[in-house]
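Single-structure report; data block below.
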């Protein structure tokens, strides 16, 4: 261990960048191995909308029907690349490269609070969680969402250390983009704003600017939806479906999208456009929730507990040719269970040793986002993939904790820890 620490000492940044590059390389190998086959029903839809946006200048489905069903963040991110000729495979490669960029930013964020070893551990542990690799090699919004959230926290952290307004402004842009990529971020936005209000030296001006910039970015899309559909749609028209999926009579805490709604729902949505369908589905969800409040509460807490699960059934295994991945479901669950210990065991150890290793303010933000997102998603339904962007933060906290433990051990073994350097202590004379 001492030899490893001496080798790592002073090279943490280079090693972190190397791990980020290797992560991208592994993702690219997986992408080339998968070829052009569709891995998720979401992929063709995102690609079709991105093509229409890139070549026709309209946010529309493959048949040209304007839509607000998908959150626009990922589509707008991909559209310039589609304009340059990117297809499904190329977009996956870009998605994976984005994950690598996020790891680089994560290193700098964690390094500021736990030292370079903590940053290196965080960067090494995030890609050890297989869900991160899966999301990075598939056209899902969670990878971009994770990177935007890391950028948001990175900028917010800068804002707490700088009297200038630029970090708060950039944090607002990153957070607004994250909301447009995954609207659930809107429900954890108060956690981000509250932390900035707590930690910033210019807390009121920074917090107001952060909220204002985020709000303006999101409201620009809301205004587009109002002009196109003559209806108030904050981000997407999929909220009603998600709410009913998570609160239907057949819903279970570990439900995916395979459940069947009450028959009256199908009767009411027949022949309706997506805006009216969204209203009908929302009303149906509210009706089911208020019709049996006790069940709704039990289901909510069940979904919240499922937020912390290590695996769930993938719909793509049944509806996509070849399944979601080449790994069999049983073996995949075993791998996920083992890898999930990377998240759970250090966190449990940290909680047990909290007096010796108290959580830093930024770690409190990390955990608040992880738990707060679970509380938000439990209103709808929870999935391991949905948790992925917030897993980045818990793993970052684990990196800070593990680095503190290792550095404490090194000090007791007679090594002085000065910044990033580990060297043998000189005997006192």
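Glycine is treated like the rest: Cβ placed from N, Cα and C.
Note that this is a predicted model, so its numbers are computed, not measured.
In TrEMBL this protein carries:
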- 71-215: domain 'Glycosyltransferase RgtA/B/C/D-like' (DOMAIN)
- 15-32: transmembrane segment (TRANSMEM)
- 92-110: transmembrane segment (TRANSMEM)
- 117-133: transmembrane segment (TRANSMEM)
- 168-198: transmembrane segment (TRANSMEM)
- 334-353: transmembrane segment (TRANSMEM)
- 365-386: transmembrane segment (TRANSMEM)
- 392-410: transmembrane segment (TRANSMEM)
- Message: Do any residues, 6 or more residues outside the transmembrane segment (92-110), come within under 8 Å Cβ-to-Cβ of it, and if so which ones?
- Response: 12-13, 16-17, 19-21, 23-24, 27-28, 31, 34, 78, 81, 86, 118-120, 122-123, 126-127, 132, 135-139, 143-144, 146-147, 150-151, 153-154, 157, 362, 392, 396, 399-400
- Task: Sort out for me which stretch, of 15-32, 117-133, 334-353, 365-386, 392-410, has the most Cβ pairs below 8 angstroms to the transmembrane segment (168-198).
- Result: 365-386
- Per DSSP, what is the residue count of the domain 'Glycosyltransferase RgtA/B/C/D-like' (71-215) in each of helix, strand and coil? 122 helix, 0 strand, 23 coil
